[in-house]
Every structure is written in structure tokens, then in C-alpha cells.
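Here's the structure, in C-alpha cells; my notes come after.
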4 protein chains.
Amino acid sequence: MSLNTFGHLFRVTTWGESHGSALGATVDGCPPGIAVDEAMLQHWLDRRKPGQSRFTTQRQEPDTVEILSGVFEGQTTGTPVQLMIRNTDQRSKDYGDIAQKFRPGHADITYWQKYGIRDYRGGGRSSARETAARVAAGGVARAALASLAPGLTITGYMVQIGPHAIDRARFDVAQIERNPFWAPDAQAAAEWEGYLDGLRKTGNSVGAVVEIVASGVPAGLGAPIYGKLDTDLAAAMMSINAVKAVEIGEGMAAATLTGVENADEMTMGPDGPVYASNHAGGILGGISTGQEVVVRFAVKPTSSILTPRRTVTVAGEETEIVTKGRHDPCVGIRAVPVGEAMMACVLLDHLLLHRGQVGGNRGRIG
Amino acid sequence: MSLNTFGHLFRVTTWGESHGSALGATVDGCPPGIAVDEAMLQHWLDRRKPGQSRFTTQRQEPDTVEILSGVFEGQTTGTPVQLMIRNTDQRSKDYGDIAQKFRPGHADITYWQKYGIRDYRGGGRSSARETAARVAAGGVARAALASLAPGLTITGYMVQIGPHAIDRARFDVAQIERNPFWAPDAQAAAEWEGYLDGLRKTGNSVGAVVEIVASGVPAGLGAPIYGKLDTDLAAAMMSINAVKAVEIGEGMAAATLTGVENADEMTMGPDGPVYASNHAGGILGGISTGQEVVVRFAVKPTSSILTPRRTVTVAGEETEIVTKGRHDPCVGIRAVPVGEAMMACVLLDHLLLHRGQVGGNRGRIG
Amino acid sequence: MSLNTFGHLFRVTTWGESHGSALGATVDGCPPGIAVDEAMLQHWLDRRKPGQSRFTTQRQEPDTVEILSGVFEGQTTGTPVQLMIRNTDQRSKDYGDIAQKFRPGHADITYWQKYGIRDYRGGGRSSARETAARVAAGGVARAALASLAPGLTITGYMVQIGPHAIDRARFDVAQIERNPFWAPDAQAAAEWEGYLDGLRKTGNSVGAVVEIVASGVPAGLGAPIYGKLDTDLAAAMMSINAVKAVEIGEGMAAATLTGVENADEMTMGPDGPVYASNHAGGILGGISTGQEVVVRFAVKPTSSILTPRRTVTVAGEETEIVTKGRHDPCVGIRAVPVGEAMMACVLLDHLLLHRGQVGGNRGRIG
Amino acid sequence: MSLNTFGHLFRVTTWGESHGSALGATVDGCPPGIAVDEAMLQHWLDRRKPGQSRFTTQRQEPDTVEILSGVFEGQTTGTPVQLMIRNTDQRSKDYGDIAQKFRPGHADITYWQKYGIRDYRGGGRSSARETAARVAAGGVARAALASLAPGLTITGYMVQIGPHAIDRARFDVAQIERNPFWAPDAQAAAEWEGYLDGLRKTGNSVGAVVEIVASGVPAGLGAPIYGKLDTDLAAAMMSINAVKAVEIGEGMAAATLTGVENADEMTMGPDGPVYASNHAGGILGGISTGQEVVVRFAVKPTSSILTPRRTVTVAGEETEIVTKGRHDPCVGIRAVPVGEAMMACVLLDHLLLHRGQVGGNRGRIG
């Protein structure tokens, strides 16, 4: 019920604002005896860290994570793991111009309307800095998955920036870490570089599509109706800042398929059914099939741009706004590690739920 | 935590299988003093009722709802409202052929793997009949919204069947109830009729895209991070059978927009900000803006088709399957009233949450 | 969050009023493959059934339970089990005199103040009839426990009625089912019979203390802080109508013990630690020790009495009230099977939680 | 569902161990615009602080609370309030003797059995230090109550230590802060001083009974069945370390009362019903009456004593144990501010729930 919390048995509550003294995550429900340390979490945080290229925010922060509780002698204890990241770069002076103006497409107006709070210092709770806490929590989830579901891997990458999509024929997982966009297609990465440089020079921004794939997911995770694996994945991804759509498997394209085309035909392999295709994205009736779980989400462009846009002030006056300060030409880039973290959290949660509620798969095939 | 439940304060737990004696919804958290009766709920159920045209399942059921508790002298009492719908048409003989074979693209295989239960009688818990309970519960939510947010309206309609989308230039809300597809475009409806007749004759099926719009939604509903309005809407829609994608506002297309294009510019009207566009779909930072809330979801084609598909049996033998019996050429059609019901439930839930947690909007503009 | 629900993974939502058409329980989270049928549940309901002696309410109802969903071919399917009990004896005319008057010590006044609902027909939602649904749900929990924790037994009995307590030296479990009071002490039962006959003749009532003991509970159930086993037991028992106190182990008497006296000393047996005493009631730090789990609760006397008491009416007039109609001289008697049912539900829930979160006990002794 | 969390809308998750680097509370759901600062919270923490007299643990810690998030310019923002208290006095060497032995009556054995974790440094998560986080969170709840329910006061005090109870005839609220026991009876305080000095000299300990009273609680808070006000209070108090029983109003004594005695008769006052007594403890049918809400709980003696007790080691060897180091002759003393904090949290939570679900009391009397 806590509205800053996600998960059923593995529960993550994030806290903190972009310009407060710290932010973090309270991770409750991690099984005991899982090897976790700060270096392990820092690894994932470093991948998300801002300021690593000219295509992400120039905010410079080490984003160092501290484990305050729940780990003793290098292992989780079964009690809450508190993760804290101090905010060090809190230059709020850059935001002076926008203190009284609402940014079109930004949450500052709805937060104001709801809470009567105007945290003009850079987004407050709605800032993408909150996602650092998710990435740290995701690191705990990955550690638990490594122990409970060995062989399970999670890979996130960018499939589209603006109108420019990757070519699936050139898909090469080895490329993902070799460019600043997490592109699995070297040619697309080169194309995006030029495209984003152009946008950056004019202070404009653009949206993106991120894909997260988990392989080695056991069949049987999920539940009917509202605790479906895809329901929880949709919520998890939609909860990331600026996300406007979530797809499982074929996603929106499922609308254009016929039943004949959409059927993932099966033959029998040595270890169970073998699927000829994966239109379903690894989930049927809310429950994992054992195939790759495939999720995509669209990230809108940031509203912090240099082109003047018409808006209103808190006092109700019409005006124009230009957002100076740090710009992210494509906030979608930094969403890749965040999507991976959410996938890890959801899969671990459903693994624990399945273990608790069913205790192991009950139906054999063959 | 209950995995068949949705909602925070207004909570709906659905129960029942396609071929059990009854199905229904336990609705907890409806405010007291709301006028609710069976006729009111029946109105919504009748819109969803199967067998109304040759384009939806030929299962013939009156789907009569009974209120077993929580309503006294025509008003809700504040205690759980139990809604029951008896299953009357339980012809399970039609399904004999598929008792041992898994249908490609159907949940029968994952339910079997997880639970070891093979309810061959027609989908069991994964059947779309479960959505009747949601529609009934949505009727309770609508009654409460009528009292708590007068002027709020919810309208669902079909925007695409297979490759054929409506033409937004021809959008006419008056058309929606005049064709068996909930099409807001008479020309599209005519086109779909021919297209679906063709599919039906070959025992094939196709996907669809449904759009649900709520207008008159107060600004300020939602919450940061995981209790976002869009997060809950994404989960609600993804939890409907056969849904594979959910979009808010621009949805996937947000990826192709620049920040300049995506900004919903504002001017000042007599009652507050007036937006020049609604790329955001009425939600910024997880909180409603007061604009129309716009959600779309894609429904995959049903896996019950006449074309033989390769599959395996429970015993692990390779075989082919053809699903005889009743067919829905486009299960997306019946998802329209279901999507409306989910929208009603989520909005009421967030209205109650907002009232509880904040007590009314705190920030004024102008 | 649903306020008519209890449990984390094994979740029971009760619904229904004393004079509506039916009442029941929605049981979500029961593991699949558990043998459950109506006869099994009816067995427990029959133990609670009113009208079995002159010491409980004269309301005559068969309290026949119907399983509407979640059981297929005699086994649970893993989906919600809906249990319905029709109300057949709804004689509301007896309550005419109290339609406008509040009964001192009865919930009718607080329900009115909160909800503005006056269900004068016999308590509405606050009636002890609601506990029939708990007993039915408890039957499902017992069936699952029989499978998951064989050897676990739950025994409830009466230890005190009014000022008359049992003599622990005469404790004989075989007596419990041989008298209408669930007394484990034949002499106390005889004493209570005379005492209650006296109260009944004057239309008076009295309180009671019920004890519920579970043996064969595995060590390790529970969790720190708020999901403690004793926390959930306290909530479960306090949620029963008319309960005003809950004790674990020594309970209130723990206040009078010194640390030396209170220590449950241990020696080593063949299967682990053997405790010399059980002051703790089988729970330390919120987690079961493997000893008997011992819970007691006090039930207040019913407010429906023949002695006139001063009160007020809905219109705010001072008056006197006498409650005619059916009387329970000691509502505590019927609370015995209810307490057992709550114990079963809580233990099953924690068994599932432990399995999900920890996966089995991790620390060995010896 | 999070097992370290309490509350429905106002949710507190505590984290941290006795000898980790910090402990604290994640407070989610506090309404926005509430004046909160560190000094205000420190006030409550100082009342609970250990080492204030020779009757509580000699651990010396400033227990300084830091607000890391959720408060901006002196007001809550509606987002999570993170409260952190650094552990400064972590002398774990004192506990060397007990590293391998289980203390009879202590949670070290059940934590070991469940989690396989042996945090010999002083209780780990089961240490009463965790309650500092509750007191800090309770400070936030009190601040919100001051704004939302002005006039509501919460008073906790000791009513019994070992066999020595206060004399209600001497009850004087002014005495509570004038003695180290929170005794509302100066004579009892004097008596306890001698009694506890005796126990302290022999390294023994004793239990206690604490009473918490809230006055000015509006009628109508609570809900039927499981979200009852008394259910949540019972859970809240039982969740405090070492608590073994919880009573509402008459509590266990309700068992001995007749219906005639137990009836809280009513007359009509200028502002509504006036009760002649408060056997109910301010709660009927789970909902507040507007009278004082009265809760009592029994705290067992600490298991850290100097008298040797028989026990076993992790290796399964029989031995004796003596707990050296810091001793609390009566841990119940420090439970007084904790019980107050829990009362504040539960009342605020139900105030928000009531506002959300009902929106204000609906039934008038007179």
C-alpha cells in the first residue's frame, strides 16, 4: 500500500529528493544468507552514473552507496537492507529561472497542485535521481537471483532513439557495453551519436525505446489476474520516470497479428517444450513459460529544453520558459540500467512468491 | 498482496472459473451511502455480454449479477459488496479434443506447469469470463464516482482491429454504441465487419487496440514512484486477459518526439491552466493534470483457431491442435467494457487515496 | 490493506451481514493440490453452529457452506476459493424495539457514527454471524496444514467463564468435546452449567477466556518487528467480535515474573533443544520455537440483556433499552471454534511466508 | 506485506540492528504541509534514551536523529520521510561470553533457527534499540495529529512493575514525568525504586504493565473485521519487544463481568452521547466511540540476567549461561514512550483511512 514501495515479498521503498542530503532504498524481504557488499552494488550504480558521456546529464556525482543495515559479515541477515546514497552535487542555483514557472511536460505542476510543494531545486522527488536507489536495490535482487536462480541473466539495451531504430539483423550483444547508448547495433550507435549531437546543440531532447530481456527464467513465475508477472512488469517499468508505454513480447504489434501468426508453436525437446517463436514474450496467462521474458518501454523526451515554450507561473501569469542548466538530450539512455534493476526486482519477488505459494512447479510435461 | 486483488483503498478481488458454478467479485472499500442496485450493475454487464453479435463468442449466458452483501436499502454500507454471477452455460463437451493438448499462445501450459491443474473445460481461471466480475465491480466504482466526482465520464472504444485503424479525423463519439465493435468511426466499423467475417469463416482471429478516455478527472490524483496513476493504470490494463501492451498519452510514439514537440504548452484560463495539447495523456509525474486521461492497450488474437498448429501433450508427445467449439474472431471487442471498468476502479481508488493522504489539492495556480 | 481481509500470502476476506441473503469468505492464496470439499468444511461449521445448547443463541440455521470456486475435482487449484453460506433464519422482527436505540456496549452506535448506516436487523456486519465465514476459511487452512505440516494440531477450549476458571490440575483434553462449553475440566463444566442457567434466567450474560494451543508448529515461523507470529496472532484474535484482550504464553502474568523465573531453560534432546517450561508460549522475538504455541483471549459479555440500561436514541433522546429476542448468555462459547480457525489461518500464512522468504530453516543446533 | 512495516496509509518501516552503523525508519504516507523538524523528533527520542537512570540500560548513546528526506523548508512534502539514527556505542566485546550460547527467553535461538544468522553482538534486529526508530516515527505521527486532530493527546505510564501495581485512587498525571518509571503514583514510584534496586543488585529483572491513553480521539476511527482500531492497536503493541499481552479497556477482566456490569450507559450531553463508564476502552465493534482509547500491555522481564540458567550452544552442547554486560532490571520502563509512539502512528493511520474511505462521520446523534 505504501505508494513509494514496489514488490510483494521482496519489497523496495525508495526515498529521497534530488537536492536533499541523501536518497536511498529500504529493501525488505531479501532472503538471508545472500552475499552482498557495497562494491557489488556500486558496480551497477556506476553503469547508471550521470556524466559519463556528453549524451547524459552533466551532473557530476560519485553516487556512492552505503549499506546501513541488513548485511552482517558479508551476508544478508533476512532483515531490512538500508541503502543510502549521499547527494553531493546539489547546485540548485541553476534552476533559479524556473522557480515560479511550470515546465510544460514536467511534473512540477502536478506536484504543486497535489501537495502544495514547490521544490524548484531540480525536480525534488520526481527527479530521475530517484532511480539511483532502484539500481542499488536491483543490485541486491541480482545477488539473490544469482543464488536462487543460477543461470538467469538480465540484459537491457536501447532499440530506438527518436525515429532511428536498431536493425535486428545486426543485433550483437557484445556491442552493448561498447557505446554510450547501450546499443546492440554498432551502426545504430554511430547514427545516434550524430543525431543526438545535433539535438544537444540546439538544446532539444528526444525519446527512446528500451528493451530488457531476461533469459533463464524458470517456468511458473506469476499468478492469475492481478499478480501476473506481466502486470507487475508493466507497473514496474511504467513507474520509471518519463516512461509512457510498456510492451510484453509483440506488444502493440500483437494487435496486427492473426491467431495463426501469433501462435508460438511447440515441439518436444529433451528438457520440455521447445517453442518455435516467442510472440508472447515469455509470459502466458500472467505466468512465465521458461522462454526469454521480453519487455520494452518508451521514454519520452525530457522537458528541460532551450526552445522557449508557453507556460504559466504559480501566480497564474502567462509567460515563456527556457530551461537552462544541465541537459539530457536523451534521458532514455540512463533508463537502461534502471529497467534492468526493475526486471531483477520483479523476477526475484515472483520467485519468492512462487516458492511460498506453490513451493515448486507441480505439473510435468512428458 | 492477494494476487487476485487490485486496488489500494477500493479493492476488488475476483474469483471463479469459466466452468465452475459461479464467479464474482468481492468489492471492499466502497464508501458508504452510495446508491447501488443490481439493475445498475446489470446495465454494464449487458454491454459486455457474449453472444451479442457474430463477432464475439457464441457462449450464451444471461450473466445476471446478484448482490449478496454490502448494500442495504439501496445504499452501500461501507462493508464488502459481494457480487455473484452464476455460470449457466457450462457446455464443456466442446473442449474434449484439447483435454491433453496445450494450445499455442494459451495459458493452459503455464497453469499446468505452475499449479499442476488442468482445467480443460475452457480456460478455468484464465478464461475471459473472469472479466464479467470486473465489469460488475466497475459498476460499483462508477456509482461511487458519480457521487464523488460528478462530471467524470469514462469512454472506451476500439481504435484498431488487425492492421485497420480508425481515422481520427472521422472520430464521432456517437458512433460508438451503434456498431458491434465500439468503433467511433462508422467507416472503420464497416471495414472491420468485412474483415472479421473473412477471418471468422477460416476460423482465424486477430488482435486489436482499445482506447479508454476519462474526462473530468480532477488534477492531483496519483502519487510518486510506485503508486503513480499511470503505474496503476498500466497494471490494471495489463491484467486483462490477452493484453500485451499499455500506452499512456503518446505511448510508444513518445519515443519519436523531441522535447519541443512533446511539451504540452499552457495558457491561463478562467479555471486554471489550459493545455494546448495532451501528449502526456493527462498524467505528469504519476499525477493527473486535470486533462483527459488517455490509455490504450493492445489485445492479442485468441489462440482458439481452426488452423492446425504444432504443439505437445501433457504426456510430452508432439501433435497438432485445432480448437473447435466457440470462437471469438476478435476478443479485443469484449475488452472495451472491461477496460472502462478498470479505469473506473483505478480512478475511484486514487480519488479515495488522495482524499485520505492529502485531503484535497493544496497548491493553487493563480 | 483491505480492511475486511487478514493474512499476507494466505488471505481471507470475509463478507456479509447477519440479515443479508448470504455471507462468506474469499480465500486467496491457498496452495494448489490440497484436498478440500464441502463436507470437510461443514464439519468445522457444525461445531460452531448456533442453537446447539441452551447456552448459545437460539438462532436456528443449518449454516451450510457452498464452495463456489477454486476447487476442481476435489482439489484446490491455486485460485481463489469462494465460500458461501446462505442466511436462512433472518427473523428481523424481534429487533423492532431497538431500531432507534443504541445498545450500551454494542457496535451499533459506532457504525452509525462512522457510516451513517443503521442496520437494526441484528448487528449487520458487526454480528457474530460473520465468524461462520472465518470458520469455513479456517477449514481450508486446516486442510492445507494437514498436507504441509503433518502432525500440527490445533485445540481450543474454554478456561474461564465469568469468575469461574478451570483447574489446570484437572485438565483433560478428552473432556473438551463432551460438554457444551468446550471445557477441558468436567467439574468446571458442571459448575458453569449452573452458573449460566442462573444468568440466562435473568437475561444476563457474562464474559469468558478462551485458550488455543497449537502443537507440532515448526520452529522458525514468524518475522521480526511487525510480521511477528505473535503480532499476527494478537491481531487475528482481537479481530474476533467482543474480544478485549490477547495473551501469548504467560500473557499479563509475565509482568509479575522475574527474569530468573521467566527463563525457559533448555537441555539437548535427540531432535534439538528441549525446553523445561513454556512461559514464552512458543514464540521468541516473534518467531516460533517449536514448542506449543499458546494464545488466550478474553471475550466480553454480550450487550443484549434483559436488564434495562440507560441509553440514547438516534434522535438524541435519553431512554432505556432492553434487548428482547435471542440471547447468548456467554458468546465466548462460540468463540472457541473461531479462535481455532484464526490460529489455523495465521499458522498456514506464516508457513507459506517462511517458505517463500527463507525457504526452510537455515540454522541447525547440534 | 513488508514484514518490517506497520500501517495502512501512514506506513512505517523500521530498519537497522543494535550494532550496525545506523538504524532508522522510512515513514511513507505522512500528509504534506506538516511542520516537522529534527528538534521535534529529538524531544521524543530523548524521553526514551537509555542510560537516564540506574533502572535502564547503561548503554550511552545520544540517539541523535537526522531527517534525510521528505521535509523541505520545515514542512513535510508528502514523500517518504527517512529518519536515521547513527549507532555510536557499539561495544560488542561485552557479549563475548554468549556468542555460542542461546539465552533462555531470548530471540537469539529463533533467529538462528530461521535465518541461520547469529548476530551475537547484542541482539541484532531483535534488540530493543529498534524501538528508537519507532519513537522517531511516532514523532512525525504526533506532528501530523497535532494538525489534523487538534486536542488529541496521548499519555503513557507504568501501572505495574512485578507484583507491585499503582493505586488508581492516587492517580496523578503530573507525577508521570517526575520519576524514572513514568509512574502516575508517587508512592508506587518510591516502592518500585527499592524493589528494582534489589533486583539490580542480584542481576535479576522483572516484567511490567504499561498503559497508554489517548483522549480527544474522534468517534468513527476504525473498521470492521480486520482493520479494526483495536486489532491494529493489539498488533502494534504486541510488535514491541518483549510484550506478551495486550488489553483494550477492561481487557482480561472483561471475562469476569456480566452484561449488566459491562454496559457503558449513555445519557445525552450538549455535544452528543455521554458515557457513564468506559469498560470498552473507547472502542466498540472496532470503531472509536469518542471516549478515551485505553490500551495496556505486559512486558516480560529481560533474559539478560546474572543467575546461571541451563541452556544449549549452537553446537548442541548443554551448558549454563550468565549474561554479563549492561542490564535493564525492567525493560518495561523504556517501553512507555514506545507504546505512545505506536498509539500515535495507529491513530494517525486510522484518521487518514477514515478520511479516505468515508470522508467524515456520516451519522449524527440528535
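Glycine is no exception: its Cβ is also placed from the backbone N, Cα and C atoms.
Unlike curated records, TrEMBL annotations are generated automatically.
Over in TrEMBL, the protein carries these features:
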type	residues	note
BINDING	A:Arg48, A:Arg54	NADP(+) binding site
BINDING	A:Arg125, A:Ser126, A:Ser127, A:Asn241, A:Ala242, A:Gly285, A:Lys300, A:Pro301, A:Thr302, A:Ser303, A:Ser304, A:Arg326	FMN binding site
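Overlay of TrEMBL annotations on the structure.
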residue  : record               : contacts (Cβ under 8 Å, 6+ apart)
A:Arg48  : NADP(+) binding site : A:Asp63, A:Thr131, A:Ala132, A:Val135, A:Arg334, A:Pro337, A:Val338
A:Arg54  : NADP(+) binding site : A:Asp197, A:Arg200
A:Arg125 : FMN binding site     : A:Gly16, A:Glu17, A:Ser18, A:Tyr111, A:Asp119
A:Ser127 : FMN binding site     : A:Glu17, A:Ser18, A:Asn241
A:Ala242 : FMN binding site     : A:Ala128, A:Val299, A:Lys300, A:Thr302, A:Val331, A:Gly332, A:Ala335
Using Cβ atoms and a cut-off of under 8 Å, determine which of the binding-site residues A:Arg125, A:Thr302, A:Ser304 neighbour chain D, and list them by sequence position, or give 'none'.
A:Arg125
Filter the binding-site residues A:Arg48, A:Arg54, A:Arg125, A:Ser127, A:Lys300 down to the ones with a Cβ under 8 Å from chain B's Cβ atoms, keeping sequence order.
A:Arg125, A:Lys300
If you draw a 10 Å sphere around the Cβ of A:Lys300 (FMN binding site), how many other Cβ atoms fall inside it, taking every protein chain shown into account?
29
What number of additional C-beta atoms lies within 10 angstroms of the C-beta atom of A:Ser304 (FMN binding site)?
25
Measure from the Cβ of A:Thr302 (FMN binding site) and count the other Cβ atoms within 10 Å, all protein chains considered.
26
